[in-house]
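Encoded as structure tokens, the structure appears first; notes follow it.
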């Protein structure tokens, strides 16, 4: 088994916090997802999560105009310069505090960063500026008296509008400019949410939090502004001066200084930039000024339904002159400027909209809500969703793969069941019939339905094809179900009780309760059916420290009991159905033989989890580690290894027979989550002890922070400062063996085999070389060339050999292969079918290989067949869509051609030059001539036949 698994994608979490960014072509939207970044391709309906991650959650991102550079800043002010070509971090920069907003200039030469009330202008690295040192400070400006909330550049990248929380907007110039002065705009009564320049103009639109929209008209056009040499400013006189201050340093303008010095000097200096004019006489006669044209109150409409609504996000598309404003009530409105006519309105939820953004064309608007983790892209002209995705609003508790590995089902504490496509990484259906948290979920073998158990006392069966709940199973007396399982045939479903200690068995077809299996003396936490078709064995684990083996076809409750020494947390069957793995509260994984009930092996894994210390813990991390245990385990597809995880950021892979740790994965490095640190930082300790245990409260509000009771698995969400704990709830291996999924605090992480530059040969000898493969192909010895390429295990070389084999010789080559190479060829066929355009040719290879070797036992592994089935299913769906599209397109063209033909028949004077008949008609003039020629040939052939007769 290979262990080169690497992070591949993140599902289940769509949006966490921060702003959104569209790519320059407008077809993809970039969203910060915790400490990772996800790119949603709206054109191809796919999403991918970058493999890089930050130590804390991202709060601000900005993309360069050419789409090659991305700047992402987390909540601690740590900035990363990311190359979108290689998806790697090329530079890191640390700001002193958090960053409010980032914005690239339209020409890509600068980017502005707002830190508190200071705006820093950096030169963007690249060919435009000729500067390849990242984060080179160019200018610095003071925004206002409060934090900066918005930045916007003019279309010529010469002016910058700075919106502040103190309800003011400041216009500054990057260089010294004639006919310009630093200008402050006031008139709002609340904090500025956004401000936008008009296209190719200096006119400005400002929007505040209370819904006021002000339109400002500038007295000058961009062409009236001219760059000039900067005049020298005398340094300010000071009584005590530690060091000389250069002439060009001032309060708002500092060049070639580090950011830390700039921020320190800002508080001490009291000078002004070169574009600022202090003389009142010059100010009154200055040609550059703004005039308020009109003011509109956009919050009047949403306040008809909710009085205390506030404007939370806004964006403006300069090309279409359309403004989108979003409110805390979950509604957004589209206005056409400058007349401010409302052209569209829609309510997407009851939660505030955190971010709103137009794409470059102005056709799509992206909206995100932080509270429910929702992200949608709305096409306002056709009034339809381009994308609508929402993750689980609370933690994801259970996952299950479909039999072919194409779908993943997830259940969460928000009582929802979601289905995800592993290829597109999108959720395509959500079932919300449960009324309480979902505790277990499993697919049937035929992939037609799935079942889920819940704390609401029901087990529900959902149709995967029709997207409906077709069966609901309940117990005679109300009971909370903690786990669920479906047998191999898909006819029986069993669920374990959490409060009644019984196992309930139902029939899928009739929906009737067949039997109540009693015997446990504690909550049943895990059950599993045998994966063998000829067996109906059911295994259950309970907190009564026992594992019981049941035969479901027996009418009574006869069973065999295995003593597990400690409380059982999870049980699972091996793929062969001969062994079971049991995870217990002692931190061990024990392997039992299902027939003899004897112990085969024991894996001691408590020390491998290495749990950290929570902020409110009063014991050390080492003491915490003594109580670690595995809460979820899963066999690999070949049955040689076990995947295990628990209340930790680590996922462990163990070898079953050797009982050793093979590899350990760290699911996250996000220190915004609780439980990653082994020690409490001394900056959080004071003379009163740990500051996390001290909470300021009012006089009548209560006492100190309540320490959690022993055994509490989740924090107190009612506390003022709630921090999610890092944890893995469930792990599952893909049936194909190419990936595994882990449901954690941050979402559903997919780890796939790394298909990078790794030389992994098989049965290699000295005479097996790429040169020998090419010589065999020249000699047309195709079987030898194929065997040598399979030994080298180079995908490109294997594809070359496969495509060089003549179509008629494929069957003979497959017949000459030995069984061990037939299995390897099947895996390569499944891999190449994903991207090759020669579908029919590779299908011929697959059919011949399966026909020649499929009737022999043990030739093809189950994982290889599943991988081929998954690829063929995906290709079938893709071709089906293409054929449907082409069918309807041809139908439209034929209808259009018939219509034009009828119109031309009614117009006898129509000439051939004026009509587009030759472009649209299927039957053109050439075809008619060809038909006449063909009919003449038929007549001549019939005449010759008569002469011969």
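Cβ atoms are placed via backbone N, Cα and C, with glycine included.
Quick look at what TrEMBL lists:
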{"type": "COMPBIAS", "residues": "257-278", "note": "compositional bias 'Basic and acidic residues'"}
{"type": "COMPBIAS", "residues": "934-949", "note": "compositional bias 'Acidic residues'"}
{"type": "DOMAIN", "residues": "793-894", "note": "domain 'Small-subunit processome Utp12'"}
{"type": "REGION", "residues": "227-278", "note": "region 'Disordered'"}
{"type": "REGION", "residues": "901-949", "note": "region 'Disordered'"}
{"type": "REPEAT", "residues": "389-430", "note": "repeat 'WD'"}
{"type": "REPEAT", "residues": "431-472", "note": "repeat 'WD'"}
{"type": "REPEAT", "residues": "517-551", "note": "repeat 'WD'"}
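Counting residues per DSSP class in helix, strand and coil order gives 0 helix, 19 strand, 16 coil for the repeat 'WD' (517-551).
Confidence over the domain 'Small-subunit processome Utp12' (793-894), given as mean pLDDT on the 0 to 100 scale, stands at 86. Broken down by DSSP into helix, strand and coil, the repeat 'WD' (431-472) contains 0 helix, 24 strand, 18 coil. Note: the domain 'Small-subunit processome Utp12' (793-894) comprises 82 helix, 0 strand, 20 coil (DSSP; helix = H, G, I, strand = E, B).
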